[in-house]
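Notes for the one structure printed next.
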Amino acid sequence: MYAQPLASVNWALTGVAGALTIGRYAIRYFNSRRFYWDDAVHLFALVILITHGATNKLSLDSKARVADAVKANPKPSQSYLLGLYEHNQQLSTVNNCFLYLVFWVVKVSFLMFYRLLFQTSAPFNKVWWGVMAFTFLTYWIPVAGVLTTCAGAHTVAEYKVCEGQTHGRVVKLEYSCAVNIVSDLAIMALPFWMLKDLKISIPQKIGLAFIFSLAIVCVALDIVRVVEAVNQNQALYTIIEINFVVIISCLPTYRALLGMGQRRKLSRPSTTYPWRSRQEGEYWKQEDGDMHPLQNRAANDVDMSAKSIHVLKDFKVSSEAPDPFSQDYLDASSRPVTGALPSHSQ
């Protein structure tokens, strides 16, 4: 594909990501009347995505100029061609750094999202910090690969050094793909580790597992991109992957809308689990002797605070076992609560 069609595809997908981001924030604010750290991190990813789109357009135009100059008759001087090549290499280097930055910022967005869900579990917090540190460290591996493509950062744009480095580039691309996949799987494993101890129905666990499995799409896209890069057909799949990872970051919020036609009115007030409507601005409360179903669990079940319970209640996790694909699967955000429900574990 030529530069202009590729740029058109890129901006179209970025427009979709931007529109879904606006919807994500609208849904979250409607349900929570506030935003959280995962929202801020997601916005950062969108800003970098737009920046990547701009540098990608410059890089594609630069490649087109190099190709036109090589085919020109009479051919321009060697020094002119080298100047075009080195300029293109510099743009490609910046562009690839933005590419991996978007990937890793989206990872952090998911990590913040999972921390919001399970922040009161001490074992989860310890593992979470370990995965966060691992994610931070692995970011520098693909960046180092980009900067050392031609033997070193200071020679990344030199034609004489970079010529004949195709094999080395493929190897670095492959190990960058490997660390990207490993970090995705490590992040995805976090909520699954907690999900197994939630005392909820199988259909509810399947519904939550669907949301927690979105990283699989990122893994598949990364594998396809690297395979196509080896075949010298990377540009289109890079555009698709970088936009889709930002789009996927929006999807947990939209989970509430997938079952609009099957909405169930299960959130009626009761004396057992008293709470007021969102319009009244009140949140989950606890009366003496009353427990939310998630608190009535075995000793090895997940320790849940009122905030975490409210988050999972937005996913319709309750003893009433609602359809996990219903409209009331609201976004995984919570509103501030007063105090926390007493723990009955251990």
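Backbone N, Cα and C define each Cβ position, glycine as well.
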Per TrEMBL record, range annotated region 'Disordered' [choices 263-283, 326-346]:
326-346
Intrachain residues whose Cβ lies under 8 Å of the transmembrane segment (129-153), provided they are six or more past its termini:
89, 93, 96-97, 100-101, 104, 107-108, 111, 161-162, 165, 168-169, 172-173, 175-176, 179-180, 182-183, 186-187, 190
